[in-house]
Amino acid sequence: MAPLPRLFSVLKCIAVATALVGFAQSMLVASLYKMRSNLVYNIVSEHSAWVPKFFQYMGFNLLLAFGSSLSLFLISPAASGSGIPDVKAYLNGASSPIFRNFFTIKTFVAKVIGSALAVASSLVMGKEGPMLHAGSILAVILGSSRWFKSKTAAASHWGIYTHNRDIRDLVACGAACGVCTAFKAPVGGVLFAMEMSTRWRKELTWRCFLVSAITIVVVRYLVSTCVAHGHCAYLQWGSLAWFQQAYPSPYSQARGRGERAPDVWAFVLLAVLGGYIGSLFTAFNTWVCLLRKRWSRWFSFRVLEVCVLSVLTSALFFALPLAGRCRACTSTDPEHCVSGGAAFRTFRGYRCGAGTYNDAAGFVIQALFVAPSGEFSVRTLVAYSAVYYLLAALTYGAFIPSGLFTVGIIFGGCFGRVVAELLAGAGLIDAGAPGIVGMYALMGAASFLGGVMRMSASMCLILMEMTGAPGTLPFLMMVLVIAKGVGDRFNYSIFDHQIMLKGLQVIGGIPEHVVRRAHLDAADVMARPGSGGPGCGGPAGAGPALRIVEGGAAIADALDADRTVNAFPVLAPAAAAGEAGDFMGVISRVSLRELLAKHGESATAIDLSCKVEVAPIAVPPSMPLHTLLALMNEQGLDYVPVIRRHGPLEGMVTRAGVVAVQASRLDRFHVRDALARADEDIRAGRLIASMALPQQTAALRDAVVAPLARAAGLLRRDGGGAGSGDSDDGEEGERAPMIYLGPGQAWSHQQHPDAGGGAGGGGGPPRSPPLSPRSAALAAGAGERGEAPAQPSRAPGDHPQQLRACDSV
């Protein structure tokens, strides 16, 4: 029982360290915010020409942005980006050279300092994503003790077959701590880590709950202590919104207390629009990242890009208040002018007199969710949203530590308020009801986040805990699920697109019903030793088969054939000439190098048995792919040998092979092929063609027309219109749009016929598997007798490949 208290100590250290780092970072951001706020106030108050004012404002922002990018260049370039796609791939079990410097102390320092400087520089980004990465780094650093390494080494006794699952569990705990610190949402942090990970179990649940609980207690204690001593009155503005707000109750009995229950149909409309806008954001940002890859090899150009973005952001935000209107202050607090606005002096007096404010200057997160109707004009909200949307898509992925949570909340809040004001102007909702416009802003933020990130449960709890409004939970759940469903009609989440852009090998993520309809099994994804199949090559590929006693020259040739291969199957001597030997296990590249260095290439017989690792599990060729994926994710397997009964090796299922099959036969958007085609267009200078605008329009048309056509077909069928040709097989006959909304090539249903009825076939039922010779003979005999051909019986869980194997016996 000794290891358990030590594990508690490691978890507590992770939680406390993450809370302290998050508090210190918030202090730094708040201090820089206050400094910039005073500078802006002085600039606006001066009676001088506007050109000098702009250069002062731009110079301050440019200095902070340049410092953020320079800190990454000097300390650790691996700290760029949000880190969430990389952490998600790492939790999935992916291995990549990217991770060599991803969890180091240098990356941690660059991440914390760089994100604080970037957020304070007015760049359109947030520090919540980088905080998740920082928490993960702390988990790896604190988990690198001798005791923990000895425990993980003893647990991972299957060696080359599995990745280090224990350290990945610590990374999940660190990610939960990071989200909890950023949002002050402990339950949301646990769910976020759960939705990122493809391998979850009960032990990991209580560990994440423990570290999140400790983190939130430490953070709240630090904040209350600092505020009580009078030194941190402005600290809450250095973090994301941490406020309490009462919204209308979603239950019907609220009407009896004089409150108006929100209209569900309006929230459904908001969710549909937000989900589609979020998918467009993902497509546009993916295209921008493809453009960025052309100069990403030179760090000087990457730093220059950040400086250009800073100048562009400063220019737009400096000019945007010119479109605003002067309005009378509504708050009775002398330090505030707008309800929910910050105490910082910002652009609010821009071109306006005393007692008034400019509604296009100094947007504050809290004001979007708290201020009543009429505080911001529709024109101002639309202009600010458009500028913010464009800058966010250009900034995410630049050479700075940047996140998307704050971006989604601010843009979504503006979007929700626009919809609320338009519906109120049409007389469809009562915008004067207390909190109703703020609730629309909250639902707008949820719809956009759902359309971009596709993480429903965690975003729901984060928004609920952030605002302290549990009554909004039913509507948040509904809006997030609808927005995710709408976004899934067009592309994957922005994190999945970033994973594909980086070439990280992540298995899973494809809906199980899509995998089932493809009718694939282990034989379709395995790589036969030395055949150059889908599993050969790549970081997780399988090399050529070796004999248990092999010559030095043959070993050297196997090592040089593909230097990215890390595992080699080992076979026993064949019983007879022309036959393959029985499968003995797998030997790693490191072990082969050790044996080759010991015996030399000139050796004629090197015994590999002392280094061979026995397989923990072997599967038959007929194992369904969805079962194989669940097995690999649950057990953390990177290599699974395929053996028909016992004896000779049929092939090896590897992570690289599964990823290749997912991309070619299960991905209904064909993202990797579309990205490659868009990259070719960009290199050829065809920028407009690389955006695939006609394909995006076609995808939107299909998404709108296809459900209407299905509904019309159902009405005709219910009305007695037999023979209308509409499929009644439910999900099996669903016709989903096969066009990838984003950079690349449009893919029609006929271009990918082997992906099943819903993944790439037509609108009808999926193709039946081919009959075995015995079944075909029975069917032919029945036809000669005038009988209906007998269909082979299958249980619900049976697989067609299993049926063919039994028929052929």
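Cβ atoms are placed via backbone N, Cα and C, with glycine included.
Keep in mind that TrEMBL annotations are predicted by a computer and have not been checked by a curator.
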Quiz prompt | Of 54-75, 164-185, the range TrEMBL labels transmembrane segment | solution = 54-75
Quiz item: According to TrEMBL, which stretch among 23-40, 131-148, 545-562 corresponds to the feature transmembrane segment?
Solution: 131-148
Practice problem: Tell me the residue counts in helix, strand and coil for the domain 'CBS' (612-668), as DSSP assigns them. | Solution: 23 helix, 13 strand, 21 coil
Quiz item: Under a criterion of three or more Cβ pairs within a distance under 8 Å and sequence separation of at least 6, are the transmembrane segment (264-291) and the transmembrane segment (54-75) in contact?
Solution: no
Practice problem: Report, as numbers and ranges, every residue of the chain located at least six residues beyond the transmembrane segment (435-453) whose Cβ falls under 8 Å of a Cβ in that stretch; write 'none' if there are none. | Solution: 245-248, 260, 262, 266-267, 270-271, 273-279, 281-282, 368-373, 404-405, 408-409, 411-421, 424, 429, 459-460, 463, 467, 469, 472, 475-476, 479-484, 486-487, 493-495
Quiz item: Near the transmembrane segment (381-400), which residues from the same chain, at least 6 beyond its ends, have a CB less than 8 A from one of its CBs?
Solution: 65, 68-69, 72-73, 77, 80-82, 114-115, 118, 123-125, 281, 284-285, 288-289, 292, 299, 302-303, 305-306, 309, 312-313, 316-317, 320, 323, 360, 363, 407, 410-411, 414-415, 417-418, 421, 494, 498
Quiz item: So what's the mean pLDDT when you look at the domain 'CBS' (612-668)?
Solution: 87
Quiz prompt | Distal contacts, the transmembrane segment (303-323) - CB-CB under 8 A, six or more residues away | solution = 54, 57-58, 61-62, 64-66, 68-70, 73, 121-124, 292, 295, 347, 350-351, 358, 360-361, 379-380, 383-384, 387, 391, 394-395, 398-400
